[in-house]
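Colleague: When I checked TrEMBL for this same protein, it listed these features:
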type	residues	note
REGION	118-143	region 'Disordered'
COMPBIAS	118-128	compositional bias 'Acidic residues'
DOMAIN	147-294	domain 'C2 Aida-type'
Amino acid sequence: MSEAARSLLQRWGASFRKGTDFDSWGQLARHLQKEAQSQHNNSEFTEDQKKTIAKIATCLELRSAALQSTQSQDEFKLEDLKKLEPILKNILTYNKEFPFDVQPVPLRKILAPGEEEHLEFEEDDEEGGAGAGSPDSFPARVPGTLLPRLPSEPGMTLLTINIEKIGLKDAGQCIDPYITVSVKDLNGIDLTPVQDTPVALRKEDTYVHFNVDIEIQKHVEKLTKGAAIFFEFKHYKPKKRFTSTKCFAFMEMDEIKPGAIVIELYKKPTDFKRKKLQLLTKKPLYLHLHQTLHKE
């Protein structure tokens, strides 16, 4: 057996030991999907083998979704997955028909702000979000890529925001959570490039921990009156196969001051114009930040 196939089997065994954990199935699915879409010339798998691995990944995604669904008729059972183990074990020689009628899925889609609300309309009775698209002058985002601090200027102030953690009642169920940070004017137009944090460090009780620094890409004195810094909490939904905004928070200019700050969470869709705000929950759950101001 090849080293790559052995590695896949080890991950498979670990997930079976956590058979009721939807998160572990989702993680394994993404690992298989990555292997299936590998472009390396020295890959140990042929294109046909990669297609089979991608189909297995689809089954794992379905299992992960079934564990979160209340629709029992849509379940993809653990016994179904057990039929896939011999295929994976003999992936280098397997040449039979795949036991389930599934197709390889493309890499997960990360939707633009406001886009997911159209797909989740049954969950949101409010009108669509008021957000505007980013101006063409800002480069396209790469998830998990943060920008460095701007050069200092005499008499000007730069702001670093450390995102410590966010409190959510279902924190442990969020898959690959991250936060999108943007600075908007009163009309919801971007004043700086949008940044995404890496995926959270850990989930613990009712908190998702990040501990990551965001360098705001404009001197504080140059931000327009009425501007606000938005934090959109996003996570992956296996059943719908896209990354969705769960809630958002924002900080206004008069809240920029050194030290810790705790801000409230609001229901999606993200309202960049701050016209129709609705708290996410009555429970005391917040976004915890720490601000550092840099001035020459």
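For all residues, glycine too, the Cβ spot is worked out from N, Cα and C.
What you are looking at is a predicted structure, and each value in this text was computed from that prediction instead of being measured.
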Colleague: Using DSSP, what's the helix, strand and coil tally for the domain 'C2 Aida-type' (147-294)?
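Modeller: Tallying H, G and I as helix, E and B as strand, the rest coil: 9 helix, 75 strand, 64 coil.
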Colleague: Taking only the residues in the domain 'C2 Aida-type' (147-294), give me the average pLDDT of this model.
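Modeller: Mean per-residue confidence for the domain 'C2 Aida-type' (147-294): 91 out of 100.
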